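These notes are about the structure you will find just below.
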Amino acid sequence: MAEQIRVAIAGAGGRMGRQLIAAAAAIPGVTLGAALEREGSGLLGCDAGELAGCGVTGVTVESSLERVAGQFDILIDFTRPEGTMAHLAFCQAHGKAMVIGTTGFSEQEKATIEAASQHVAIVLAANFSVGVNVMLRLLEKAAQVMGSYCDIEILEAHHRHKVDAPSGTALAMGEAIAGALGRSLESCAVYTRLGHTGERAPGSIGFATLRAGDIVGEHTAMFADVGERLEITHKASSRMTFASGAMRAAQWLGAQQPGMYDMCDVLALDTL
């Protein structure tokens with residue numbers, strides 16, 4: 001694959017799509033090859049750079065991957081599960097790698113993505129922020145030391161338009177903690193509390209969700225004991241942190257063989 005990675009951005013008109021276009025235009029080693037929106041969108045035919053507010057790029061927004069198949073090496077997809085799955089089928093058939101930031105997949109959809117990774121290289125992550133992925137490693141360490149005797153709660157807050165809850169990042173936090181404790185998240189997660197719930201179940205991991213205003217993303221894991229409490233928090237103030245991480249993932253993915261990867265692989269966190 002050429003040193004200059006050509007990327008296509010799915011969902012070009014969305015909040016993340018525009019940030020991804022701007023990042024592709026600004027980051028050395030990456031070229032914006034294509035931008036995509038759904039059929040019937042009023043944005044079709046627009047210049048992608050002007051749409052993102054970063055100047056003319058000469059790349060027009062299209063509705064069909066077929067029409068731009070020769071213009072990109074890697075598809076970056078932060079859309080919705082149904083759209084991502086359609087894009088996945090195309091990329092598998094045409095040998096295109098994918099960076100997937102979509103969340104809310106069903107177990108069957110996750111299995112389909114895993115199967116596709118036998119044929120094309122895929123980075124799948126709930127969050128592309130470097131800070132969040134470092135936090136996941138810190139949570140594993142905290143859980144190993146404190147998780148056996150502390151109450152563990154995960155709190156997350158996002159903007160009013162987010163459609164899935166808990167966030168993919170919150171679930172990844174829970175999975176990191178549960179894994180460090182030798183448990184499955186499914187066996188210990190508590191997602192709702194309403195009415196007379198009784199005392200907190202020992203060993204459970206609780207989740208709390210807020211949706212309000214324009215919050216980009218805030219996540220906190222709490223390890224609470226009697227007399228002290230440890231909180232590990234990440235706050236994102238701009239979606240550009242996710243977009244920059246996605247470009248970093250795309251650059252790394254260009255040199256990889258087919259397989260399923262995550263941001264820990266991209267950042268080589270397992271070697272630290």
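Keep in mind that glycine also has a Cβ here, set from the backbone N, Cα and C atoms.
Note that the structure is predicted; figures quoted are calculated from it, not measured.
Listed by Swiss-Prot as binding NAD(+) are Gly11, Ala12, Gly13, Gly14, Arg15, Met16, Gly101, Thr102, Thr103, Ala125, Ala126, Asn127, Phe128; the candidate from Glu37, Glu82, Glu114, Glu140 that the record includes in that site is Glu37. Rounded to a whole number, the distance between the Cα atoms of Asn127 (NAD(+) binding site) and Thr169 ((S)-2,3,4,5-tetrahydrodipicolinate binding site) is 6 Å.
Closest to Glu37 (NAD(+) binding site) by Cα-Cα distance, out of the recorded positions His158, His159, Lys162, Gly168, is Lys162. Of the recorded residues, Gly168 ((S)-2,3,4,5-tetrahydrodipicolinate binding site) and Asn127 (NAD(+) binding site) place their C-alpha atoms 7 Å from one another.
The recorded positions shown are His158, His159, Lys162; of these, the one with its CA atom nearest the CA of Gly11 (NAD(+) binding site) is Lys162.
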